[in-house]
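Structure first, commentary second.
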C-alpha cells in the first residue's frame, strides 16, 4: 500500500508557481545551450579553462534545475520541503561557481590570491549548504544565510582592482550586471 501524499493548495497561487516552473525550466534549457557554447570556447585553451567554465555552467544548471523542481512540486509538501532546501543550496553553489572562472582564469597570474578567495568562497558554500540542510527550522539559519550571502557577494570587492586590470570592458559590464 502506498503512503498518502499530502497536497496543500490553501494559500498557494497556482498560476504563479506554474509560471515560475515554466520560466525556470526555460532558464535551465538556455543554461544547457549556453554550456555548449562555453565548452566550445573553453576547448583547446587548457584544463583550467575547461574546469572553471564547467564548474560555472554546472552551478547555473543546478540552480535552474532545483528551482524548476521546487516550483513544480509546490503542492506536495514533502517534495516541496526537499526541493526548497535544494533550491537554497543551489544559490550558494551558483555564487561560488560564478566566481570560479574569474578567479581561475582572470586572476591566473595571482595564484595565491585567487586560491585563497576560492577556498573562502567554497567553504562559505559548504557552510551554507550545511546550514540549509541541518538548520532548516531554526531561527539562526536565516541570520547565517544572510551573513553568508553578503560575505560571498561582497568578497568581489577584494579582487576587483586586479580584475579591472585583466578584463575587457564587456567583462566588467557583465560582472557588474551579474552582481545586480
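Each position is counted from 1, following the chain as shown.
Here the Cβ of each residue, glycine as well, is placed from N, Cα and C on the backbone.
Curation does not apply to TrEMBL; its annotations are automatic.
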**OP:** From the ranges 5-24, 25-44, grab the one TrEMBL calls transmembrane segment.
**Re:** 25-44
Subject >> Protein Cβ atoms within 10 Å of residue 71 (Zn(2+) binding site), excluding its own >> reply: 22
